[in-house]
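Swiss-Prot annotations:
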- 1-31: topological domain 'Cytoplasmic' (TOPO_DOM)
- 53-60: topological domain 'Extracellular' (TOPO_DOM)
- 82-401: topological domain 'Cytoplasmic' (TOPO_DOM)
- 447-456: topological domain 'Cytoplasmic' (TOPO_DOM)
- 478-505: topological domain 'Extracellular' (TOPO_DOM)
- 527-543: topological domain 'Cytoplasmic' (TOPO_DOM)
- 565-588: topological domain 'Extracellular' (TOPO_DOM)
- 32-52: transmembrane segment (TRANSMEM)
- 61-81: transmembrane segment (TRANSMEM)
- 402-422: transmembrane segment (TRANSMEM)
- 426-446: transmembrane segment (TRANSMEM)
- 457-477: transmembrane segment (TRANSMEM)
- 506-526: transmembrane segment (TRANSMEM)
- 544-564: transmembrane segment (TRANSMEM)
Amino acid sequence: MKDKAAATMEIPEDPGIPKNLERKRPIVWRMIYYSFAVLLLAAFTAAYVTEFQILTHEDVLFSLGLYGLVMFLHLMMQSLFAYLEIRRINKTDLPCSFKKTVALTIAGYQENPDYLKHCLDSCRYVKYPKDKLKIILVIDGNTEDDAYMMEMFKDVFHGDDVGTYVWKGNYHTGVKETQDGSCPEVSKPLNEDEGIRIVEELVRTKRCVCIMQQWGGKREVMYTAFRAIGTTMDYVQVCDSDTKLDELATVEMVKVLEANELCGAVGGDVRILNPYDSFISFMSSLRYWMAFNVERACQSYFDCVSCISGPLGMYRNDILQVFLEAWHSQKFLGTYCTLGDDRHLTNRVLSMGYRTKYTPKCRAFSETPSQYLRWLNQQTRWTKSYFREWLYNAQWWYKHHIWMTYESVVHFIFPFFITATVIRLLYASTIWNVVWLLLCIQIMSVLKSLYACWLRGNPIMLLMSLYSMLYMTGLLPSKYFAMLTINKSGWGTSGRKKIVGNYMPVLPLSIWMAVLCGGVGYSIYMDCHQDWSTPEKQKELYHLLYGCISYTLYWVLMALMYWVWVKRCCRKRSQTVTLVHDIPERLVCK
């Protein structure tokens, strides 16, 4: 059966790797990059363990360690490179030939009807020649509960060249597997299936296609679209079913790929579709802006964006078809991977030596969880894929700028050092250490937020400093839970018709909160047994009082700003989604 599948499978022509992407003596370069990573890790560890103090002031109980200084410099460098990249992109006006064919693929699973309608409408009005653009929606599910998505597709694209098909299986399951609900272990497509022939015929002859197939996860849905397209299109654009595209999103990404043949993939600026649903969704909207316009912009400066986001990304199809089978059949610790689809796609492009870029000139709005539990499940799912893909990405560091190695090491060790710092200070027998820890966290957060305010030109980014508490109390413990459950998979938060019932991520949060409360209680207990009449303790009490007052005033100010500005003003003005080309310069809440 495998021989037959291999014989009938369409083998795409390998585009090859351009000579200017290949490094001479790759073994030597590997050794250089890995040695740099080891030295970097050793340097960070030594700076942390030795607790070498750069600046101390006993009168104000202040100290700045070498590790803290290094992390501050890292943020400064990241911010600088992000600014340079954004400025370069804004000053460059790339041409578009409008000759390249694009397949806009949408992955859907039990989507909220309102979000799906937004998505399909925006896809319909994308400004790109119709004879060069193909729209494909693949639905993960073929039951009556999933039929509403196909009906909506028919309604939106009524009058266009539409083709639909309800598939009893998918590329990796036959009719027999569909009936008993089992999951096959083979990773090769079943080319003799009649459904495959129908699907590929529809995709290659119709402009707008909707396929309902047996449930198999998001990766199976994306595979169906990619495999059915084959080599008939130049570029493949990815989009989620909860995403509203800017009308020029496709054009702007095509421009980037046309401008540089060494660029294998490009991503755009993803914003939040529902920022004012809750505090969680609002903070996610600020975090998204930072993630794309600072972190990804910095990576783009060095041509090594680590993840092309699923809601808004574009790949060269000839490259994608080369690693399509390997991407779908990815295994980790003997288990097939169903998480991290977008990150692994990006890593596959990077593994071939191609560049990955980010452009803020195209934008999309995507739904984000507004409930804490669903948001936590989403973050846990993303963290699992991050740690797994980090190991894969490390194999190809030597093919790219050394910044990718540096940033990978820093981001990997950061949670562990933060955890150790928090525990060490909480159990250091003095409540001043607790207050100083809280002040340091917020001071660094405010500095980063002030930079974001300047870069975005919007003071609302000052509220981004509140995200540090979400990180410390929620994301940090979830990272350890993600590592322990790294092989557990599923759609996670992607289905929006059902309430998330996975409460397991709450367990590490409970343990972490117990550790934090225990540390605070221990510090208070130890301080209660100290002699506060001594001059040293009187000085500490003085700083403790003013530290607590400053910290309290900060939270009062931020809460007031959030309540008045966001809950009252911005929420009333933001009744519709504003896209990139609809934003007037005078608008306050960008």
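Heads up, the Cβ atoms here are built off N, Cα and C, so glycines get one too.
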Stretch in 402-422, 426-446, 457-477, 506-526, 544-564 most in contact with the transmembrane segment (32-52), if contact is a CB pair under 8 A: 402-422
Remote residues contacting the transmembrane segment (402-422) - C-beta distance under 8 A, at least 6 residues beyond either end: 33, 36-37, 40-41, 44-45, 48, 67, 71, 74, 78, 81, 298-299, 302, 304, 306, 390, 393-394, 437, 472, 476, 479, 516, 519
Close approaches to the topological domain 'Cytoplasmic' (447-456) from elsewhere in its chain (Cβ under 8 angstroms; 6 or more beyond its ends): 75, 79, 82-83, 86, 286, 289-290, 293-294, 462-465, 590
Tertiary contacts of the transmembrane segment (506-526), as residues 6+ beyond its ends and Cβ separation under 8 Å: 373, 376, 422-423, 425-431, 433-434, 473-474, 476-478, 480-481
Three-state composition of the topological domain 'Cytoplasmic' (527-543), taking helix and strand from DSSP: 11 helix, 0 strand, 6 coil
Whole-number mean of pLDDT values that fall within the topological domain 'Extracellular' (565-588): 53
